[in-house]
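Following: one structure in structure tokens, then a few remarks.
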């Protein structure tokens with residue numbers, strides 16, 4: 001079953017929420033262990049803790065990733081049918097040296113086409129893994145070889161970009177680390193990949209393909225563009241819940257004029273009127289995971305006093321996670337793989353990591369005890385995202401969540417100011433205003449760029465060598481848009497009209513809250529057709545995608561109309 005579905009519009013939201021209610025009290029205990037975990041798991045204070053990574057770490061320069069189904073045991077109560085790379089969620093970590101020419105063979109043992117996108121890595125356009133844009137999707141039983149040079153060090157990740165709304169949700173992702181030639185040494189180097197899941201087994205009767213609310217993409221002949229949901233009666237006034245009658249649930253969504261399209265909804269007394277997607281998601285996806293595990297099943301991060309510790313944080317999910325490191329000050333040494341100039345120690349602030357973002361933090365283990373790296377929000381799933389920081393030789397009480405109010409760090413004011421690649425005073429060859437918004441379409445909610453949805457949203461047209469300025473404005477009343485640019489890094493120049501005062505901020509994914517405005521700049525130095533989209537993949541699948549298109553560029557493949565290409 002699918003662990004998530006596309007953006008839940010109108011009555012579909014009620015259906016999913018109903019299933020959540022059904023399963024909250026009806027989870028089955030499973031005993032199978034996830035492949036690759038190894039060792040024993042304990043609670044903080046006990047010493048027989050496995051130090052084996054929770055996923056395979058692959059080194060060298062030639063790799064094979066096999067897309068195939070498996071089962072994932074998230075905790076002692078929840079097991080999921082998942083799609084994986086090499087049998088685990090997350091998939092294996094690929095770890096390479098800066099400057100290496102690498103080769104990755106993707107083998108597809110699933111029943112649907114797949115691709116791999118190298119999120120944040122400035123690969124040649126032909127290797128970007130976007131079906132219908134840079135390649136045709138890899139068919140079941142087929143393989144494809146990606147080849148590129150790992151020039152830019154940093155923390156990245158890979159994931160399917162074929163029907164990514166569903167395939168990333170099903171588990172097709174993993175971490176990708178490019179080690180610099182002269183990397184500062186640390187004693188412990190951990191990677192933590194964050195995600196969210198629905199409780200229970202998802203929506204009964206749904207295929208792996210999930211629901212797509214009429215968002216068939218250009219070039220696709222896949223059937224997911226329809227609203228046929230496996231025979232489920234979609235009459236809003238007479239919903240059949242597969243025999244599960246939910247008393248007190250108002251199933252009538254007709255006549256709603258509320259923003260967000262969820263007016264008139266009620267689940268067990270919970271008023272859903274006016275809720276945006278960003279507000280509803282945490283209420284539905286209530287199991288938060290670190291490296292595929294939740295709650296007491298999360299593998300502790302073990303340290304000893306005096307260690308210099310690096311934690312690479314990757315958000316592969318749909319929900320932003322404000323994180324609190326207990327008992328220690330830390331430095332943010334990179335954002336989206338790019339170094340921060342002279343980062344100061346941070347204490348008493350939260351680090352918010354949005355979908356698609358990466359942050360590398362470092363701290364000195366100078367405060368022996370049992371501590372947590374914890375989600376610090378009021379979301380129902382927050383209690384399950386508490387990663388133990390365990391000192392060797394220290395026993396005692398299990399660490400407890402910190403419920404005090406803590407401010408969120410503003411990354412635009414962090415680090416030491418210095419001259420960046422761009423400034424607001426530069427003369428730019430291309431200037432593009434990108435207005436992000438939410439609209440109601442005939443098939444539900446749409447997410448637009450300048451009033452249009454993909455593939456009709458106006459592209460950013462550039463020539464090689466152009467200096468490009470983009471102004472991002474979030475006009476959505478309540479929805480958050482983490483915007484991701486493929487193939488390039490950009491510098492954030494201003495936030496809400498105020499210049500960035502911290503270190504030059506280089507990123508490939510930028511979280512834009514409702515009402516916010518950012519100015520970013522990049523150099524058009526990687527020819528191709530590049531996606532620029534919201535990394536809330538439900539928003540992307542429902543329209544919030546455009547492209548950076550280089551003048552005169554011609555892809556080196558021919559679109560196969562029978563490949564079932566779905567680029568989002």
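Residue numbers in this text run from 1 along the chain shown.
Using N, Cα and C of the backbone, Cβ positions are placed for all residues, glycine too.
Where the annotation comes from TrEMBL, it is an automatic prediction and has not been curated.
Going by TrEMBL, these are the annotated features:
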- 119, 159: Cu cation binding site (BINDING)
- 69-182: domain 'Plastocyanin-like' (DOMAIN)
- 286-376: domain 'Plastocyanin-like' (DOMAIN)
- 435-549: domain 'Plastocyanin-like' (DOMAIN)
- 7-25: transmembrane segment (TRANSMEM)
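Per DSSP, the secondary structure of the domain 'Plastocyanin-like' (286-376) breaks down as 3 helix, 47 strand, 41 coil.
Around residue 119 (Cu cation binding site), a 10 Å sphere centred on its CB holds 27 further CB atoms from the protein chains shown. Helix first, then strand, then coil: DSSP counts for the domain 'Plastocyanin-like' (435-549) stand at 5 helix, 63 strand, 47 coil.
Shown in sequence order, 116, 117, 119, 167, 168, 172, 173, 174, 316 are the residues of the chain, 6+ apart in sequence, with a C-beta less than 8 angstroms from the C-beta of residue 159 (Cu cation binding site). In this structure, residue 119 (Cu cation binding site) is part of a beta strand by DSSP. Across the domain 'Plastocyanin-like' (435-549), the model assigns an average pLDDT of 98. Residues of the domain 'Plastocyanin-like' (69-182) grouped by DSSP class, helix first, strand second and coil last, total 7 helix, 55 strand, 52 coil.
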